[in-house]
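Copied from Swiss-Prot, the annotated features are:
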type: BINDING; residues: G65, P66, E67, S68, S69, G70, K71, T72; note: ATP binding site
type: COMPBIAS; residues: 343-352; note: compositional bias 'Acidic residues'
type: REGION; residues: 333-352; note: region 'Disordered'
Amino acid sequence: MDDNKKKALAAALGQIERQFGKGAVMRMGDHDRQAIPAISTGSLGLDIALGIGGLPKGRIVEIYGPESSGKTTLTLSVIAQAQKMGATCAFVDAEHALDPEYAGKLGVNVDDLLVSQPDTGEQALEITDMLVRSNAIDVIVVDSVAALVPKAEIEGEMGDMHVGLQARLMSQALRKITGNIKNANCLVIFINQIRMKIGVMFGSPETTTGGNALKFYASVRLDIRRTGAVKEGDEVVGSETRVKVVKNKVAPPFRQAEFQILYGKGIYLNGEMIDLGVLHGFVEKSGAWYAYNGSKIGQGKANSAKFLADNPDIVATLEKQIRDKLLTPAPDVKAAANREPVEEVEEADTDI
């Protein structure tokens, strides 16, 4: 860069800093690259599919799928994992359907969980924004976008037409809270429902509620589906679940994970650990027997999973081995610190 351009740039940067504050514009090379902090989903396979070990903090996440596919269960699992790390969590229950007893069975500390059951969509989103701006909340779940009913619709008659009202509400709210979410380093999860578009001849007729704004503002979008039933004899005790990462701004998208959700218990993590351990060579399988580090741990997947449940130390070791192999390592801070410094531009005294 020639001297005249350097002086012009320095003058512009100086004026910007005086007008908007220090840090309004900065060189990316002046700061070490930070790994994006993540909160585990409670599913090891899904954490790996997300690329960073969980859902990213400081971002918006959308989880959508058909009814009874496990959307709320997955978000409660995220809350349980966050609370284990000492995080403060909130649940904005726009559907008025949160079951504290079920949440407790999934590992959620319901005594410490903040819950709001707002009357209108405006109230729900305003409460969410105020919680974010407090800088004291780590995870907020909004259940669901479809239940964020605009005030005008509630006060109107049952047959009144309110075209695009909810979409405008979501668009305005997301414009307002996105920057606050980043500054507060808070994870905000929106649960959404599926609707069918009429008259679609080609492609999928499925769409989500609340317009297109959430699709743009979300850093991660998860499509969760129930693919089958988990049975013990003739009794159905859970569901086979597939989650596809349809959008990901923090890692490569379109990966997917499959796991089981057991009724009244949540995500079947130990069974998932057995499957991933066998797949990646950490657990040996011979016939119906499973072995770890040369020692047999059980006959059949169910017995092996029970062994893991009784031995949390082995679970922690196996999980670390799988994560170390499959997850991208964090940026090398030492290497970043040792790189050549970026040429600094001297600030000029003149104003533009």
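Just so it is clear, glycine is given a Cβ too, placed from its N, Cα and C backbone atoms.
Here the features listed in Swiss-Prot are placed on the structure.
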{"residue": "G65", "record": "ATP binding site", "Cβ within 10 Å": "24"}
{"residue": "P66", "record": "ATP binding site", "Cβ within 10 Å": "14"}
{"residue": "E67", "record": "ATP binding site", "Cβ within 10 Å": "8"}
{"residue": "S68", "record": "ATP binding site", "Cβ within 10 Å": "10"}
{"residue": "S69", "record": "ATP binding site", "Cβ within 10 Å": "22"}
{"residue": "G70", "record": "ATP binding site", "Cβ within 10 Å": "24"}
{"residue": "K71", "record": "ATP binding site", "Cβ within 10 Å": "21"}
{"residue": "T72", "record": "ATP binding site", "Cβ within 10 Å": "23"}
Chain-mates of G65, P66, E67, S68, S69, G70, K71, T72 with C-beta within 8 Å of site centroid, ATP: I224, R226
